[in-house]
Amino acid sequence: MLEFLSQQKPKILIIGDFMVDNYTWCDCSRISPEAPVLVAKTLKEDKRLGGAANVYANLKNLGADVFALGVVGDDESGKFLQENLKGEFLIQKGRKTPFKNRIMAHNQQVLRLDEEDTSAILLENELIALFDEKIKDFKAVVLSDYAKGVLTPKVCKAVIEKAKALNIPVLVDPKGSDFSKYSGATLLTPNKKEALEALKFENLEGKNLEKGIKKLKEDFALRYSIITLSEAGIALFDENLKIAPAKALEVYDVTGAGDSVIAVLAFCLANEIEIFKACELANEAAAVVVSKIGSVSVSFDEIKSFKHVDFEKKIKSKEELLALLKQNDKKIVFTNGCFDIVHFGHIKYLEKAKRLGDVLVVGLNSDASVKSLKGESRPVNSEFQRACMLAAFYFVDFVVVFDEDTPLELISFLKPDILVKGADYKDKIVVGADIVSKVELIDFEEGFSTSKIIEKIKDKK
């Protein structure tokens, strides 16, 4: 599918809130003598396409022939967008084009300064007329709504009705709690928070997810209903509920992930790709984006590289791992073992462990440690081979090798949130239990063990 898509150049029209994302990179190593605040010394500035413009950049990077329709102010940000996007922009004098300035220090966002006018545009009729003039040449339409006043109910209604009459799919990245203005669109892509607000549900757990996503489809006359679930992936409702699981290995910045999702979905629908396959591909695109910093676009080459990820990069020293874990406010799950001959029982155990948090770290006994615990004939596989096998599983985020007989020193160093052991530790002392917030015991699959596998092989000889 990737080979086919990478050769296509569908014409896609984007209407919405085009904005500028500015990144001011600073050194924040001093406290001001005037007040208890950081002093930010500017090092460089980086101006990027944001909002609907980032969707445009994603589609262009994917190879689409993209055309932008929008309204901007008579200011520097408006000029920047006109110079960097192919399309037509109506100029509303005195209106501020959305400009978001992110103050960055040591790869972390410290502060964001926004300049914008969120009132409804005064040029609705002119924008609709421009759309009517252009629409017949396109294979898909994207409405990218950031609640900055361009996609008014009148504009949305006119765009959706016209496109629907021409059998052109309309994909909407919605904003706000009232989705009625998007009624009749092909699909919406709200995130979990946006969906909860629109549905007025307390949560989307268990049966509530299917109930809610189906309600969105029915209430707003959609062809497909989609909810993006962050680390849980993408939920799709067509005739029934399907989940495309998330693919991210490392998350540094979620900025722009939603833009990448709708860009890939639009590209796929413009090429008549089956919707669930499109969702799976959108997940892979989002995984690429969240591994970078800032609003960035994604290409099919990057998605291909991600699909063939070098899993050895998941094998870290404890120092490297601690630095990575500190960058994210995630729930860290830790388990450990020899994992000499990986079997079905190991797989189910690790899969269950992953579900307990956001990041699963596996502490792996080194060759010397295994020999000390199991005897001179072990391990069967070297520590590098064992680490690679564990890292190859999508539910394992990191593998770290330790030399000691127990993982106490490693647990003390990493300080995970949850420590996972097998249910056979129920009446035993769990090493490191006093360091973590919680200990979870998981039942093993019966009948599976490395020792039994080794004995079985010996018996056959």
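Cβ atoms are placed via backbone N, Cα and C, with glycine included.
The feature region 'Ribokinase' is assigned by Swiss-Prot to 1-312.
Here Swiss-Prot flags Asn191, Lys192, Lys193, Glu194 as ATP binding site. Within 10 Å of the C-beta of Glu194 (ATP binding site) there are 20 other C-beta atoms, taking all protein chains into account. Look at Glu194 (ATP binding site): DSSP puts it in a helix.
Summarising the annotation, Swiss-Prot assigns active site to Asp259. Asp259 (active site) falls within a helical segment according to DSSP.
Annotation comment: Swiss-Prot describes 334-461 as region 'Cytidylyltransferase'.
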Rounded to the nearest Å - Cα separation of Glu194 (ATP binding site) and Asp259 (active site): 15
Residues within 8 Å of the Asn191, Lys192, Lys193, Glu194 Cβ centre (excluding the ATP site residues themselves): Pro190, Ala195, Leu196, Glu197, Ile227, Thr228
Per-state residue totals over the region 'Cytidylyltransferase' (334-461) - DSSP helix, strand, coil: 49 helix, 26 strand, 53 coil
Overall pLDDT for the region 'Ribokinase' (1-312), taken as the rounded mean: 90
Cα-Cα distance linking Asp259 (active site) and Lys193 (ATP binding site), given in Å to the nearest integer: 16
